[in-house]
Amino acid sequence: MKRLARSLYLQVLLAVVLGALVGHLFPATGASLKPLGDGFIKLVKMLIAPIVFATVVTGIAKMGDLRKVGRVGLKGLLYFEVLTTVALAIGLVVARLARPGAGMNVDPATLDTKAIASYTNGAQAHGTVDFLMNVIPRDVADAFARGDILQVLLFSVLFGAALAALKDKGRPVLEFVDGLSLVLFRIVGFVMRLAPVGAFGAMAFTVGKYGIATLLSLGKLIACFYATSALFVVLMLGLVLRWCGLSLFRFLRYIKEEIFVVLGTSSSESALPLMMRKMEKLGCSKPVVGLVVPMGYSFNLDGTSIYLTLATLFIAQATNTHVTLVQELEILAVLLLTSKGAAAVTGGGFITLAATLSAVGNIPVAGLALLLGVDRFMSEARAITNLIGNGVASVAVSRWEGELDQARARAVLAGTVPDEVEPANDPEPPAMAAGLGLHG
């Protein structure tokens, strides 16, 4: 009992199991608990914009080398493009080999499209040009109010660059942002105490609303997706970590709390503040973490990429829509663009899938109705894969920059160096410790 009281990941795991039981045994009660999960995610999202701002500004201002900022950003984008392309291709290959939709013989005309209208309408408003233009905020207050990560990141980079250019004149502002960072991570510690409550409510709602029977009806698709996501993590991300001189399984154990929080909430964004904190304590470069992790939540969604190609071909197979190899390559090309607009929030992948089907044209958009019931059950694997992928990205780019403290990282993963994982008991958050050179 003492270990349960001190261990966040055990509390969240227990909450997920209890939530699933409540949703299964008392569906109406489970469905009514949705506000618990939504409230927790809103509390976390409330902190994301200011944390990204404080981390990026202090990292860039203390680094002082603006060319390095651009270099880190370009390396991050190149890494994202390679890994997400591989993820898209893997989903395509698995869909071709496993054929999870074969034999369903669904007539698109018989599908009820009313339930997916909100997704298809939303997809039409999220084209590639709109997405790129949306990186530039109308005003700073609006970007922070809406929690738009890319807009906040752009402003933070400019603010940090200006602060670095001011040198000693900007020191009072830098000290203020350092102090702000300390306060924000203390608040994160308070909020994460509510993670079990949020996970319980979110899981109870998912099972109560959609039911276990929905899972069984499309079991082959769900099994394919979970197996493919696991394969990607073990093979691709494991290979990247091996290049960095680290063990994948020790890395997964290190971020187990974040994984269970994401499992319960179905949103990788819910663990963003803790993930940034963990990566800095692992020994990753502070400027790299500040740039790569927030960017990754729009450009490095590995789990979502696997889902998009797998689900697209599933719909084609289920509706007996013939797709040639050339058309599959066209789908891959379209997804290379549309997948970058998938927000790391619950339902973002489904909206992007609707946009992709609309752009491709030959696969019926009505087929989305087949996925509506099970999409929520697949969102856990999407979100967890996205989370792990962004953590590995910060390690890889730090290694690429020659700024990964490998000795510390190995020691932290081996458990021989305390990682101070309890947020509420951490006297000095990573934004301060990293900037002052206190990584050990």
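Backbone N, Cα and C atoms are what each Cβ position is placed from, and that goes for glycine too.
The region 'Disordered' annotation in Swiss-Prot covers 419-440.
Under the heading transmembrane segment, Swiss-Prot lists 8-28 (among others).
Here the transmembrane segment (40-60) has long-range neighbours at 66, 69, 143-144, 147-149, 152-153, 155-157, 159-161, 163-164, 174, 177-178, 180-181, 184-185, 187-188, 191, 194-195, 197-199, 201-202, 265, 267, 269-273, 276, 286-287, 289-291, 294, 345-346, 430-431, 434-435, meaning same-chain residues at least 6 beyond its ends whose C-beta is under 8 angstroms from one of its own. The feature transmembrane segment is assigned by Swiss-Prot to 40-60 (among others), with sequence analysis given as support.
What Swiss-Prot lists as transmembrane segment is 74-94 (among others), and the listing cites sequence analysis.
Per Swiss-Prot, transmembrane segment is recorded for 147-167 (among others), and the stated evidence type is sequence analysis.
Sequence-distant contacts of the transmembrane segment (187-207) (same chain, six or more residues past either end, CB-CB distance under 8 Å): 8, 11-12, 14-16, 18-20, 22-24, 27, 29-41, 43-44, 47, 51, 260-261, 263-266, 270, 273-274, 277, 376-377, 422-426. Residues or ranges marked as transmembrane segment by Swiss-Prot on the basis of sequence analysis: 187-207 (among others).
Feature annotation from Swiss-Prot assigns transmembrane segment to 221-241 (among others); the stated evidence is sequence analysis. Long-range contacts of the transmembrane segment (221-241) within the same chain, counting only residues at least 6 positions beyond its ends with a Cβ under 8 Å from a Cβ of the stretch, are 83, 86-87, 90-91, 94-95, 98, 100-101, 215, 247-248, 251, 302-303, 306-307, 310-311, 314, 374, 377-378, 381-382, 384-385, 388-389, 392, 395-396.
Per Swiss-Prot, transmembrane segment is recorded for 288-308 (among others). Within its own chain, the transmembrane segment (288-308) has Cβ neighbours under 8 Å at 52, 55-56, 58-60, 69, 72-73, 76-77, 79-81, 83-84, 87-88, 90-91, 149-150, 152-153, 156-157, 225, 228-229, 232, 236-237, 268-269, 272, 275-276, 279-280, 335, 338-344, 348-349, 352-353, 356, 378, 381-386, 388-391, 393-394, 397-398, 401, 403, 430, 434, counting only residues six or more beyond its boundaries.
Feature annotation from Swiss-Prot assigns transmembrane segment to 354-374 (among others).
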